[in-house]
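Data first, discussion second: the structure below is written as structure tokens.
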Amino acid sequence: MKVSIFSNNGQSSRKVATALHRGLTAAGITIDSLNPDIVVTVGGDGTLLSAFHHYNDRLDKVRFVGIHTGHLGFYTDWRDYEVNDLIQSLIRDNRQSVSYPLLNIEVEYADGTHSDQALALNESTIKKVSGTMVADVYIKGELFESFRGDGLCISTPTGSTAYNKSVGGAVLNPRFNAIQMAEIASINNLVFRTLGSPLIIPADEWIRIEPAEATDNVLMCDQLSIEGRPIKAISYRIARQRIAFAEYRHTHFWQRVESSFIGREAR
Ligand code: NAP
Ligand code: MN
């Protein structure tokens, strides 16, 4: 088994990464950042997002594990003091895994060309650089609404606790194979009308967003912006690919939500 250690630059993360490197090498496990079977991230959810984008061309071969060196993360469920337990789990690995849906993004540019398919683990947002974003929203090829406001956020179930949650989207258990669209400050009055609430679509539907103006849009894919060429439309659907995590132990999804956002134990 080949393991890649993907750490952020924080001091505590680098310490954990060094200990992990030493422990894995001593156990005879190969460290290979080019063709790993397992990617261990050390940092926060942002670090796992970066690792996902780094290895997004080998999602069918790779499983992820996240160690958090800050507060509890959604993708990082090993604590920094559990490095030895994790090494033991890696040694005893028998390919146990759990996988989650990803968002497929396809951009149609104003010049008629198409982007390569991009994948998001959390979400994609479309906003305007300044001023109101006006866009037509189609679901499964039918015009659904004309949106006016700050922007739109299309998220995966595991991304539902990130940006989506800040804009009033629902928290979705990742066992649902679905994606969600949430509005960012929509304008709703007698003239302009949108649904005004988040909506969730299944795997055989897709969302197409056509901004009224091709330029000055900001299109994000997780923490990355997609290059600023004039955009005709963006299509979102559930990706064929999924992200796999090595599941050495199981944390109940709602327990993770509770400990991250409600924290009954701390009170
Ligand atoms: P960041 O500014 O560090 O991320 C914002 C916060 O979101 C951090 O606390 C991050 O955790 C947390 N987070 C990331 N993914 C999450 C998830 N799936 N569930 C719950 N919390 C999550 O930037 P970043 O680390 O590069 O992460 C990029 C993400 O930030 C984007 O994908 C977007 O979801 C989110 N974001 C949120 C807002 C907002 O809520 N208004 C605005 C922009 C972006 P860590 O500290 O562990 O990294
Ligand atoms: Mn972060």
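A Cβ is built for glycine as well, from the same backbone N, Cα and C atoms used for every other residue.
Under a cutoff of 8 A between CB atoms, and with a sequence separation of 6+ in the same chain, the neighbours of D45 (active site, proton acceptor) are G66, G73, F74, Y75, T76, A162. What TrEMBL records for D45 is active site, proton acceptor.
Annotated NAD(+) binding site per TrEMBL: D45, G46, N122, E123, R148, D150, T161, A162, Y163, N164, K165, S166, A185, in sequence order.
For the binding-site residues given as R148, K165, the lowest number of other CB atoms within 10 Å of the residue's CB is seen at K165. Packing around N122 (NAD(+) binding site) is summarised by its Cβ count: 28 other Cβ atoms lie within 10 angstroms of its Cβ, all protein chains included. Taking a Cβ distance under 6 Å to any atom of ligand 1 as the criterion, the binding-site residues R148, K165, A185 reduce to none.
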